[in-house]
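Report on the structure given below.
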Amino acid sequence: MPRRPGLPPPAAVLALLLVGAPAGAEPIAPADRRSGFDQMGPEIQAMQRDETANPGMLAVADGAELWATPPAPGRQPCAGCHGEAAVGMRGVAARYPAWDARTGRPIDLQDRVNACRRTHQGADPLAYESPDLLALTAFVAAQSRGMPIAPPDDPRLGAARAEGRALFEARQGQLGLSCAICHDDHWGRRLGAAVIPQGQPTGYPLYRLEWQGMGSLQRRLRNCLTGMRAEPFAYGAPDYVALELYLATRAAPLPLETPAVRP
Amino acid sequence: MARTLINLPKTARAGDVITIKTLISHPMETGFRPGADGRILPRNIVTEFVCRFEGEEIFRAELFPASAANPYLTFTWVATASGRFTFTWRGDDGFDQTESAPIAVA
């Protein structure tokens, strides 16, 4: 029913909104949050756990080498400013995406790596999904393995986080699905051969058997968007970072698993 | 050079059965898949893996196009003496890589 401008909303609607808000605040309560790891078969779990069998460790080893190598002669390597990654990068991935004061917007970990290349190393940014960007990001994220996801309590992130949540809950694409329909309402059920996970971003970048390779969280989100027959955003789009921000809030305090393995 | 991960104990007692695990970064392109331009990507796989201890072959595997990317091979060995393992992967396009690792047997 159209409301005439200037009139206050009907009291009943207002009451519903007030009652609705707290219930919608946490579709999956922190104690009920589960990593996709828990729903995998024992073979794939064993593959992730065993550092010598986990193919993601190959990327982490590549990242360790890139960390110590100057991007061009005369330029500082990452290690030149940040030192030992096990010390300087411990816990960093657990609080990304974070606010970037330089550009005045939230950025995720891979964009943070590229920001350092551009600003502090005078080098070109690495392409999204390129082996080097995945390797450096996986290497940095692996330093936080086992630490609980802890999104920063930074009011500047609020708007993007709310936008991410709206994207997560909005129906989109030709099938009229939302992320929430699968990942909040039907996790644990089957979709064809796959068990629907809660959609927790705990392991990225990770090795996916279906990809036969490493991929970022944005690549995973592209896959889900394509599955919904929605138009995926371009890599690096603010929409992805907004979704990643909401996903981090929705996942805390699950521990980070990078490099995870997924079917 | 492809990235490899080789895992075995640094030390063992004579008679122990030890597990050796190897992982190598390799696309294992089957030769049956079309690329982005619709043309079939040329086959590019590791075809052979050999592990030697002090020059003597202790394990060999042949690989075929259905193997997953980044082949992971694990096998066991009965510890006899201290020495050095070599691990050799060969494949299409002249792919040929050898890594080595020592073990001390008491």
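The backbone N, Cα and C atoms fix where each Cβ goes, and this holds for glycine too.
Remember, TrEMBL labels are computer predictions, not curated facts.
The signal peptide feature in TrEMBL is assigned to A:1-25.
For A:CYS78, A:CYS81, A:HIS82, A:CYS116, the entry in TrEMBL reads heme c 1 binding site. Neighbours of A:CYS81 (heme c 1 binding site), defined as other CB atoms within 10 A of its CB across all chains, total 11.
Positions annotated as domain 'Cytochrome c' by TrEMBL: A:159-251. Per-residue confidence over the domain 'Cytochrome c' (A:159-251) averages 97 (mean pLDDT, predicted model).
Summarising the annotation, TrEMBL assigns heme c 2 binding site to A:CYS179, A:CYS182, A:HIS183, A:CYS224. The local packing around A:CYS179 (heme c 2 binding site), expressed as other Cβ atoms within 10 Å of its Cβ over all shown chains, amounts to 24.
Long-range neighbours of A:ARG220 (substrate binding site) (same chain, six or more residues apart, CB within less than 8 Å of its CB): A:TYR204, A:ARG208. The annotation substrate binding site is assigned in TrEMBL to A:ARG220.
A:CYS224 (heme c 2 binding site) carries a helical DSSP state (H, G or I). Neighbour density for A:CYS224 (heme c 2 binding site): within 10 A of its CB lie 17 other CB atoms from the protein chains shown. Annotation comment: TrEMBL describes A:CYS224 as active site, cysteine persulfide intermediate.
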Same-chain residues at least 6 positions away from A:HIS183 (heme c 2 binding site) with a Cβ under 8 Å from its Cβ, in sequence order, are A:PHE168, A:ILE196, A:PRO197, A:GLN198, A:GLY199
Cβ density check for A:CYS116 (heme c 1 binding site), other Cβ within 10 Å (all protein chains) comes to 18
Quick check: with A:CYS179, A:CYS182, A:HIS183, A:CYS224 left out, which same-chain residues have Cβ atoms within 8 Å of the centroid of the heme c 2 site Cβ atoms?
A:PHE168, A:LEU177, A:SER178, A:ALA180, A:ILE181, A:ILE196, A:GLY199, A:MET228
Spacing of the two Cα atoms, A:CYS224 (heme c 2 binding site) and A:CYS116 (heme c 1 binding site), in whole angstrom, works out to 30
The record names A:CYS179, A:CYS182, A:HIS183, A:CYS224 as the residues that bind heme c 2; what is their largest Cα to Cα distance in Å?
11
What's the CA-CA gap between A:CYS81 (heme c 1 binding site) and A:CYS179 (heme c 2 binding site) in angstrom, rounded?
40
